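Novice: Dumping the structure here so I can ask a few things about it.
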Amino acid sequence: MMASDLQMNSEQLRSKPPTRCRSPFNSIKFFVLCHGMLQLAQLLVSGYLKSSISTIERRYGFSSQKSGILASFNEVGNTVLIVFVSFFGSRVHRPRFIGGGALVASLAALMMALPHFISGPYEYTVHISQSKDDNSGLCQLESSFQTPLSNHSCTQQESHAQQGVFPLLLLGQLLLGIGGVPIQPFGISYIDDYASKRNSPFYLGILLAVTSIGPAFGFMMGSFMLKFYVDIDKMSKDEIGLERGDPRWVGAWWLGFVVAASFLFLTSLPYLFFPQQMPKEEATGNAKEPRAEEEKKPLPDLVQELTLKQFLKSFPRIALRTLRNPVYLLVVLAQVHLAAMIAGLATFMAKFIERQFTQTASFSNMMIGGVNIPLAVLGIVLGGALMRRLKISTRGSALMCTSAILMCVLTALPLLLLGCSTQRVTGVYPTKQNRSLECSSGCSCPTEAFNPVCGSDGVEFRSPCHAGCLTKVLDDNTSKILKYTDCGCIGVSGSYGYALPGTCGSDCKHLLLPFMVLSALTCFIASFSQTPSYMMILRTVRPEDKSFAVGVQYMLFRVLAFLPAPVLYGTAIDTTCIIWGKKCGRNTSCHYYNMDLFRQRFLGLQAFFVTGAFVCFLLSLLVLRHRAGKQGQQAGQGYTMIDREQSPDKKTKELQNMAA
């Protein structure tokens, strides 16, 4: 009796899963939860940088080209190292590599905020004192100073700190790209290895959704953070002399990086406790995983048996072989066009809305994060659902992509007409004058002065001094400047006029609504092409080349789109500048743009990339139709030219040849 009881107990103990399986770190569901939070944190940093790029530009006097280089620099480290991810695969402890990469990214986000702490307070040119007795910044007819007021703060220490800001930001972006290399590839492969076949697509769908909405959260956080003044940690609210609508306003751009770095750090910690291998997830419900002996015997993964030298030697050959596939090449080029458009718009669309429609940076980011990106996510989901519902073929996918991008062309072109010219600015636009106006020639105005005021006649001036204003009117309760009076350059009915603080703004505010509707509609329609274009890639390459094809695709995205596009957009924007800011004798960010040229070149690039994507998708459709015709002629021979299927023996032979 005792022997049988002992035997029964030992069998029960053997049938029970090990104790470590009960730990949450041995659950693939918990891994999916952690990975979703980590990807959200990673993309939060990326989206937040895009939302604050124009603010950083204004704070440190960068040109748009410099801002474009900064925005794309994280792709440098990512592009160099992403090739090795395909090689290492499951050879390494993937969760710890993910956690280590996230810690590096967290450090990089903190480094992005560091310039705020090592540089002095933000000093905008010609600060107007709120004291009744102090008339600095106004027209001073008997002034004896001979150097511009703004030059008084140009110390050598500040100059060195200013010069170190851009390299520090670039280093932060480089580390951010390096830290992000293992996160998505290792995470997806880990989930695919240990999730059940039934749940794996669902888990990957969750990660795709998080990947799509992550930047939206970044823009929304940017909208919130930029409402606070940049030096909120260095001065009280009463000491802040700018309003949010002032073109010199700089929001607390650094605060979002501190929050995102903390989030990244917290989400990286669980990965240090996940095992290198975990028990395979069991199927739930009535569906059961097929037994190992009933499953189709998988191909030997000879890629994982290659040495690093063999892998690096074989990679270019496989990449060239993949690129010789005309359908694959055309679809990837179409996606590159769309990726370049998205990269440029994500970086500078907020700045365009801010300038063209006279909106704050906070409001512009809210429009992108709350309208454009959610509609793009919705388009991706509906495009995938439509493909699944209609069971669309490869040629049908090409037709769907071509039709969607054609509609994008039709919605993108009218955007070029929605806008208006730069407001009238005396001495700047429509006629630029390098010399002082006669009415303010005796005011000794600083050459670097930028404190826009709007005259009572509707004309803007660069500063109260340039408008010839002698006095100011203060609010008795808040001591804030209400208006400037006795302005010699503003004549109304033969007498001196007055000027209000701030820019006159453009007359295009009423066009913001139709612009956002058309812009959001373009994003929504364009996103329909994402799922079918990916399916075209997977269906038109050899089965054994699918992983490499996707890897080459992402590499081309980075090299041809994500790296050059923001720089190209930024350079195009810089060519439309009328007056550059000056500080300590050096050019800073642009004060006034020719808005007609800004709109034409910025949105013209968008139309160019959309048209390029349409041409590539159309050519891929024509190639597929040509192949279908040949396939019909050779149907008797049983030869299929589109979705090629090869025997397992032939696939194994291909991989063996690659290892040779």
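Counting starts with 1 at the first residue shown.
The backbone N, Cα and C atoms fix where each Cβ goes, glycine too.
Grabbed the feature section from TrEMBL, which reads as follows:
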TRANSMEM  69-90  transmembrane segment
TRANSMEM  97-118  transmembrane segment
TRANSMEM  168-191  transmembrane segment
TRANSMEM  203-230  transmembrane segment
TRANSMEM  250-274  transmembrane segment
TRANSMEM  327-346  transmembrane segment
TRANSMEM  366-386  transmembrane segment
TRANSMEM  398-418  transmembrane segment
DOMAIN    433-488  domain 'Kazal-like'
TRANSMEM  511-528  transmembrane segment
TRANSMEM  548-569  transmembrane segment
TRANSMEM  602-624  transmembrane segment
REGION    637-660  region 'Disordered'
COMPBIAS  642-654  compositional bias 'Basic and acidic residues'
Novice: Per DSSP, how many helix, strand and coil residues does the domain 'Kazal-like' (433-488) have?
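Specialist: In the domain 'Kazal-like' (433-488), the DSSP-based counts are 3 helix, 19 strand, 34 coil.
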Novice: Sequence-remote contacts (6 or more beyond its ends) of the transmembrane segment (203-230), Cβ cut-off under 8 Å?
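Specialist: Apart from its flanks, the transmembrane segment (203-230) reaches 28, 32, 35-36, 39-40, 42-52, 55, 59, 116, 122, 184, 187-188, 191-192, 195, 240, 242, 244, 249-256, 259-260, 346, 350, 360-363, 365-366, 368-370, 373-374, 376-377, 380-381.
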Novice: May I ask you to check whether the transmembrane segment (511-528) and the transmembrane segment (366-386) make contact, with contact taken as at least three Cβ pairs under 8 Å and only pairs 6 or more apart in sequence counted?
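Specialist: Output yes: the transmembrane segment (511-528) sits against the transmembrane segment (366-386).
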Novice: Can you name the far-off residues of the same chain, 6+ from the ends of the transmembrane segment (548-569), with a Cβ under 8 Å from a Cβ of it?
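Specialist: Here the qualifying positions are 64-65, 67-69, 71-72, 75-76, 78-79, 82-83, 86, 315, 318-319, 322-323, 328, 332, 335-337, 339-341, 343-345, 347-348, 537-538, 541, 602, 605.
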Novice: I need to check the long-range neighbours of the transmembrane segment (366-386): which residues 6 or more away from its ends have a CB within less than 8 Å of a CB in the stretch?
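Specialist: Non-local partners: 47, 51, 208-209, 212-213, 215-220, 222-223, 346, 349-350, 353, 392, 400, 404, 516, 519-521, 523-532.
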Novice: Can you name the far-off residues of the same chain, 6+ from the ends of the transmembrane segment (327-346), with a Cβ under 8 Å from a Cβ of it?
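Specialist: Cβ under 8 Å, 6 or more out: 50, 71-72, 215, 368, 398, 401, 405, 526, 529, 533, 536-537, 540-541, 549, 552-553, 556-557, 560-562, 564-566, 568-569, 605-606, 609-610, 612-614, 616-617, 619-620, 623-624, 627.
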Novice: Do any residues, 6 or more residues outside the transmembrane segment (602-624), come within under 8 Å Cβ-to-Cβ of it, and if so which ones?
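Specialist: Sequence-remote neighbours of the transmembrane segment (602-624) are 326-327, 330-331, 333-335, 337-338, 340-341, 344-345, 348, 352, 394-395, 398-399, 401-402, 405-406, 408-409, 412-413, 415-416, 522, 526, 529, 533, 536, 568-569, 572-573, 642.
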